[in-house]
Amino acid sequence: MSEWLAAAASPQVPWSAMAVALPLAAALAASVSLRLAQALVLPVSLLAIAVGLGAVLQAASHDATVLAVGGWRPPLGIALRNDGLAAAFTLVGALVAAAALGFARGPMREGPQRRAWAFWPLCFGLVAALNAAFFAADLFNLYVALELLTICGVSLVALEGTRAALESALRYLLFALLGSLSFLLGVVMLYAGFGSLDLGELRRLGATQPPAPAAIALVAAGLMAKSALFPLHGWLAPAHAAAPAPASALLSALVVKAPVLVLLRLGFEVFPALTGPALGQLLGALGALAIVLGSLLAWRQQRLKLVVAYSTVAQLGYLLLLFPLATGAARAEDWAATAWVGVALHALAHALAKAALFLSAGAMAEAVGNDRIDSLAGLGSAMPLAAFAFALAAVSLMGLPPSAGFLAKYLLLVAALASGQWWWAAVMLVGGLLAAGYLFRPMARLLADAQPVLQRDVSRARQTLALALALAAVLLGLGSAWPYRMLAAPLEMAP
């Protein structure tokens, strides 16, 4: 076993390339035959998890591993960079995708053939685009990955074909296109200024020749639009509400995370000199507004999927709190590394918990025929697995021990207090209380003394998939020592 682990951790193993090629090949194969597409779900999911584990082992053993695709070194060729952050999200993404695709096999088998035929290639393509974005080591290929991600995401939202789905998909597309245009203009300006788009080269050149602030502002605005960061979140909730539950799980858990991670990489790895205290406080204020307003919007909703969707707006706000806690002179302080790991763990825990929430909400909505909170009365006794999955995922989202969500928020609280910025700690505490409020409301209906009217049976196997993700969010908190060390590696680009 030790020899196998050592071999898997070798920098010569192209885990990053396999993480992109495997789902891409599955997407091409799934477009040939619907039966083949459904048959591919289990083997591709298991292989993707194995590749994710291999990438994690490699990242834990080496600071960063750069793979030159085709043997051409950057800046001429395509490079894929595996580090702790990319590997962790690849593994978590594989787990979320496996659960979402497994959950979808029943409804997609019974639904219209046109919808089922499109669903599988789009999901496999979405996972390939995600992994390409996580591992991309240059801005051009990052742009290509984000565009493929947008195409797959918009198509999944429109898949139901209803008026609401098409309107939501169009709104998502408009936001994404504006984000793409802004991002691309910023990339063009960076290339004009530096003559390279390789992230390592940009970091080296940017240390002596700061980039044009307009270029960075355009890139940041584009990424914020694609990730639905406040105040560019207008497309997110309608898109999640209109998409099938498995697609909503992928969108909320993974798709909105990729642009945020790119934004964090650019701000802390590539151009750290640009993220000064003033900009950090501004981005932190946007994050605080997202936490409070997103929570209040979630509290007002009467549909379960909209509650879960607006909670994503709130939870993404925590990621922006990294900027005031780790920019400028604070970057050299111990609390900056604590804040970085806290944000990374929060993103990972949110991915697992939010996917579990959407899958359990989808199972309950399928059982009663709608997702109105009033219709959930007494459903906890009829669907205990789905109800327990929802409650366990809510524990992580609220930041209660022993979940990974608790550890992430605790690390951010420690960083805020250590840096003397107590107001961010207050925002986090208020956010936790608001999260408890909007999540306890559907949980109270689930536990109500009532007899639910079930319109169809949802298998225990499908409910168990949601429970598995919720358990993973808790286990990540219990066994966080190794992920902590891997994510706390120095924020330096590989040469």
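Cβ coordinates come from backbone N, Cα and C, glycine included.
According to TrEMBL, the features are:
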DOMAIN    136-433  domain 'NADH:quinone oxidoreductase/Mrp antiporter transmembrane'
TRANSMEM  12-32  transmembrane segment
TRANSMEM  39-60  transmembrane segment
TRANSMEM  84-104  transmembrane segment
TRANSMEM  116-136  transmembrane segment
TRANSMEM  142-160  transmembrane segment
TRANSMEM  214-236  transmembrane segment
TRANSMEM  248-266  transmembrane segment
TRANSMEM  278-299  transmembrane segment
TRANSMEM  306-327  transmembrane segment
TRANSMEM  339-364  transmembrane segment
TRANSMEM  376-401  transmembrane segment
TRANSMEM  465-484  transmembrane segment
Quiz prompt | Chain residues outside the transmembrane segment (214-236) and at least six past its termini with a C-beta under 8 angstroms from it | solution = 146, 149-150, 168, 171-172, 174-176, 178-187, 189-190, 193, 252, 256-260, 262-263, 266-267, 271, 274, 286-287, 289-290, 293-294, 309, 312-313, 316-317, 319-320
Quiz item: Which one, 12-32, 39-60, 248-266, 278-299, 339-364, has the most C-beta pairs under 8 Å toward the transmembrane segment (142-160)?
Solution: 248-266
Quiz item: Do the transmembrane segment (116-136) and the transmembrane segment (39-60) come together with 3 or more C-beta pairs under 8 Å, pairs six or more apart in sequence?
Solution: yes
Quiz prompt | Top partner of the transmembrane segment (306-327) among 39-60, 248-266, 465-484 - counted as Cβ pairs under 8 Å | solution = 248-266
Practice problem: Could you tell me whether the transmembrane segment (84-104) and the transmembrane segment (465-484) have 3+ CB pairs under 8 A, leaving out pairs under 6 positions apart? | Solution: yes
Self-check item: Long-range Cβ neighbours of the transmembrane segment (12-32) (under 8 Å; 6 or more residues past either end)
Solution: 40, 44, 47-48, 51-52, 54-55, 58, 65, 67, 69, 80-82, 86-87, 90, 97, 117, 120-122, 124-125, 127-128, 131-132, 134-135
